[in-house]
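What Swiss-Prot says about this one:
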ACT_SITE  Glu174  active site, proton acceptor
DISULFID  Cys84-Cys108  disulfide bond
DISULFID  Cys255-Cys300  disulfide bond
DISULFID  Cys281-Cys324  disulfide bond
DISULFID  Cys337-Cys342  disulfide bond
DISULFID  Cys390-Cys413  disulfide bond
CARBOHYD  Asn73  N-linked glycosylation site
CARBOHYD  Asn245  N-linked glycosylation site
CARBOHYD  Asn274  N-linked glycosylation site
CARBOHYD  Asn291  N-linked glycosylation site
CARBOHYD  Asn333  N-linked glycosylation site
CARBOHYD  Asn370  N-linked glycosylation site
CARBOHYD  Asn457  N-linked glycosylation site
TOPO_DOM  1-16  topological domain 'Cytoplasmic'
TOPO_DOM  38-477  topological domain 'Extracellular'
TOPO_DOM  499-510  topological domain 'Cytoplasmic'
TRANSMEM  17-37  transmembrane segment
TRANSMEM  478-498  transmembrane segment
Amino acid sequence: MEDRRESELKTFCSKNILVILGFSSIIAVIALLALGLTQNKPLPENVKFGIVLDAGSSHTSLYIYKWPAEKENDTGVVSQVEECKLKGPGISEFAKKLGEIDIYLEACMERARTVVPKSQHAETPVYLGATAGMRLLRMKNENLASKILSTVAESITRYPFDFQGARIITGQEEGAYGWITINYLLDKFIQKSGWFNLKPRKGDTQETYGALDLGGASTQITFVPQNQVLESPENTLHFRLYGKNYSVYTHSFLCYGKDQALLQKLTKDLKNTNGTIHEPCFHSGYQRRMNVSHLYEAPCTRRFLTSLPFPELEIQGTGDFQKCQQSIRPLFNTSYCPYSRCSFDGVFLPLPQGDFAAFSAFYYVMGFLNLTSEEGSFQSKVTSTLEAFCSRPWAELQMYFGDVKEKYLSEYCFSGTYILTLLLSGYHFTAETWKNIHFMGKVQSTSVGWTLGYMLNLTNMIPSEEPSSTRLSHSTYVFLMVLFSLILVIVVIIGLFVCHRPSYFWKDMV
């Protein structure tokens, strides 16, 4: 009788335990299958390409981007595969030689034809955006600017790509697209979250970076002010990206790119000379001759227009950083401000907050001066470096930097001093907030600038709402796979143990 009760108890317990174990094993198997299927989808073979030409004031560059077709709405999936710099000046310089535009574009367009697979030529969009150089030409001669763009368009349409047009983008667009680019590359638009990282790591906040862009003819500042009233609607843009709203301040200062700023300074200094300028922003021993008419033909220098008795200007460098900075400061008119805060020329500027990425000429000039590393995060180091560099004789520089073009080498003293003065006197950074400026050329092998943001916007690859599901991080995925595998193994071991446990085990359970 007792043996029968023991047998019935064993059978009852075994069935219940096995049911529980079976249910647990099914859940573990389903979890493993679900993780495997969602996380290890085969990589899409269909890669898409996009081409953007940046027609700047001093040169034109072509960028080729690629991305997996099935991940267009993910963040950080677009990568740069090629950068090709066209030989020659910016397209605005072709006003009197339109017939040379075909040759100008040929090398880089042929390079694009080689890089992009032939089977995808017809579906690869090509965009050309012209910036401040063409904005200035349009101010001077709108018909001529239109002719250049139409000639460029005719040339590009001869290639087997999906040409989407050539246009002059506004300064506001240039600033906004640069801001989108840097924050897309730094992965700042999507809040990182998962089962085991619900709280961001210390220092891993999701605040966006501000963008500082400097070209030859204009400069842009763009950022999201925190807890500040945006007093100037024309400088405010509203974006909804990945389910989050952004109120972005942006302004483009036409004529305040480094090349046009130099022309402004030289034209201003001409008033009190007899045709010779002793220029502290050029190195001692350096000489340059310029046609006076060239100085006054640009819209940026018209405010200094005056009648001069000499046709040619002679520049003689003196190499003095302090005097150079003193002569640059008057370019920024801070005497008038109709708002609570201004940058210069009466333009509203909120208090710069948070980290900023400084790219384009900001990066190239500071890179030449070896100020893009941690040392460059101290304003005092930047000042002392420029002071030492500007004082070096021209002959010495030519000997040490013989491979650098004379135009660029001769202007690094001015350009570096101008950048320092623009950031301090124009944008009102301080010695304390200078450390928040990060000079960047590339992020993850992709050039920082407005072109990527431009393409992302035109191809609608940044959704307004956050994707409903994203892949787990690699560490989370591995952890879950190991966890559910262990659960499955433990369930099997317990099941085997239950089925083969000696009879006294069941007696102990009574």
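Glycine is treated like the rest: Cβ placed from N, Cα and C.
Long-range Cβ contacts of Asn370 (N-linked glycosylation site) within its own chain (separation 6+, distance under 8 Å): Gly376, Thr385.
Contacts of Cys342 (disulfide bond) defined by a Cβ separation under 8 A and a same-chain sequence distance of 6+ are given as Thr334, Tyr336, Phe348, Leu349, in order along the sequence. Checking the recorded positions (Asn245, Asn274, Cys281, Cys337) against Cys413 (disulfide bond) with a 10 Å Cα-Cα cut-off leaves Cys281. Under DSSP, Asn274 (N-linked glycosylation site) is assigned to coil, being neither helix nor strand in the three-state scheme. Within the same chain, residues at least 6 positions away in sequence whose Cβ sits under 8 Å from that of Cys84 (disulfide bond) are Ser61, Leu62, Tyr63, Ile64, Ala107, Cys108, Arg111, Ala112.
Contacts of Cys300 (disulfide bond) defined by a Cβ separation under 8 A and a same-chain sequence distance of 6+ are given as Leu136, Ala217, Leu254, Cys255, Gln260, Leu263, Gln264, in order along the sequence. Here Asn245 (N-linked glycosylation site) comes close to His238, Phe239: these same-chain residues lie at least six apart in sequence, with C-beta atoms under 8 angstroms from its C-beta. For the topological domain 'Cytoplasmic' (499-510), the model's pLDDT averages out at 55. On its own chain, Cys324 (disulfide bond) has Pro280, Cys281, Cys390, Cys413, Phe414, Thr417 as residues at least 6 apart in sequence with a Cβ closer than 8 Å to its own Cβ.
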